[in-house]
Amino acid sequence: MEKPATIIGPQSPQALTWTISVANLTVVDKVPPEMLHLVDTYWYQFPPLETKWHAALATTIGVLALIAIVGNGCVILIFSSTKGLRTPSNLMVINLAFADFMMMFTMAPPLIINSYHETWVFGPLMCEVYGMFGSLSGCVSIWSMTMIAFDRYNVIVKGLSAKPLTYVGSVMRILFVWVNSLVWTLAPMFGWNRYVPEGNMSACGTDYLSKDWLSVSYIYAYSVFVYWLPLTLIIYCYSYILKAVSAHERNMREQAKKMNVESLRSSDASKQSAEIKLAKVALVTITLWFMAWTPYLVINYAGIFDSSPISPLQTIWGSVFAKANAVYNPIVYGISHPKYRAALYKRFPSLALRKDNSTDQTSVASCATAADQCET
């Protein structure tokens, strides 16, 4: 008696298996078997990313890494080797540059290699290490910027009543930044959340898709202490700095009016007042910080709140925006510093394409009422 033929209907298990294995390729298909336990089932619904997106990611990260490594390397070299720049305040600028240098030096090469293979190829352990180093360098960068803002607040707002920052004080702040960052970034390696492949499968980061309490509570706590708190402190510091500088400028104008002179400044080449210049510095600092870290926060919140679908392509650009911060910082905290530019031109004369006549004015934007005391 012949065995009846198996009819594969639209709802049969055989049809489902055939559809998944043949018709619906997913972004997870190229992931090595030893990595599959780290991949959330959420990503199985997405088709593979086109090769052009992997190429675009590798190219973008490669360019950003080159600029960031050169830029932050110059900041570290110039600030460390120039006697006039080796101040307690500038130790925190060096620490910021080192964190950004470390971010691109450790993150870019693996990401470029994985983009070529279109999946993570270094195994589960390196995925955890990669995620930890990325989180660590980002956290150190964020808190270093916060400490720099607090130092400027201390010098400009408190003025002569402020306790001068010493080398010991600066080192203690840097130590706090690193210990605090290590606590938050090592936690996922010991069970509070975990590091898993991102949606593009070529990078690793925190797990924002698991709904267990350990995973969700970590995202909550991490976002508060590594995003909202630093952002609040930075806005607070620069708000009071602007208020102090505005009051100082107003007093200067009133005093000049009483003396029947146009300005008390020895040089008034710039038409802009000090508070306008400083407002621009503060606005640029806060805006770039917000642009760099907010997309990644939104992705994390979308994952734990199920507020909107997350695609593998979105995870690419969230990561790119965060890493781009390593490019902004040498410009905001290094090149905008008059003494740094002078030392840089002295070390590399070919960069001095024109005489820098804006040193005095830029120093006002940097430190306003206490230009000689504030070096950052």
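Using the three backbone atoms N, Cα and C, a Cβ is placed for every residue, glycine included.
Just so you know, TrEMBL annotations never went through curation; they're auto-generated.
Annotated transmembrane segment per TrEMBL: 53-79 (among others), in sequence order.
What TrEMBL lists as domain 'G-protein coupled receptors family 1 profile' is 71-333. Within the model, the domain 'G-protein coupled receptors family 1 profile' (71-333) shows a mean pLDDT value of 86, rounded to a whole number.
Long-range neighbours of the transmembrane segment (91-112) within the same chain, counting only residues 6 or more positions beyond its ends whose Cβ lies under 8 Å from a Cβ of the stretch, are 57-58, 61-62, 64-65, 68-69, 72-73, 75-76, 79-80, 122, 126, 130, 133-134, 137-138, 140-141, 144-145, 147-148, 151, 167, 170-171, 173-174, 177, 202-203, 323, 325-326, 329-330, 333-334, 337, 376. Taken from TrEMBL, the feature transmembrane segment covers 91-112 (among others).
According to TrEMBL, the feature transmembrane segment maps to 132-150 (among others).
Residues or ranges marked as transmembrane segment in TrEMBL: 171-192 (among others).
Per TrEMBL, the feature transmembrane segment maps to 219-242 (among others). Away from its own ends, the transmembrane segment (219-242) comes close to residues 138-139, 142-143, 145-146, 149-150, 152-153, 156-157, 180, 184, 193, 206, 208, 275, 278-279, 282, 285-286, 289-290, 293, 297, 300-301, 303-304, 368 of its chain (Cβ-Cβ under 8 Å, at least six residues beyond either end).
Sequence annotations record features per position, and here TrEMBL assigns transmembrane segment to 281-304 (among others). Sequence-distant neighbours of the transmembrane segment (281-304) (same chain, 6+ residues past either end, Cβ-Cβ under 8 Å): 138, 142, 145, 149, 206, 208-209, 211, 215-216, 219-220, 223, 227, 231, 234-235, 238, 241-242, 310, 314-315, 317-319, 321-322, 324-325, 328, 332, 336, 365-366.
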* Using a Cβ-Cβ cut-off of under 8 Å, list the residues of the same chain that are 6+ residues beyond the ends of the transmembrane segment (171-192) and lie near it. => 91-92, 95, 128, 131-132, 135-136, 139-140, 143-144, 147, 206-207, 214, 217-218, 222, 225-226
* Structure fact -> Same-chain residues at least 6 beyond the ends of the transmembrane segment (132-150) with CB under 8 Å of its CB atoms are 89, 92-93, 95-96, 99-100, 102-103, 106-107, 173-174, 176-178, 180-182, 184-186, 188-189, 195, 203-206, 226-227, 230, 233-234, 237-238, 285, 289, 293, 322, 325-326, 329, 333, 376
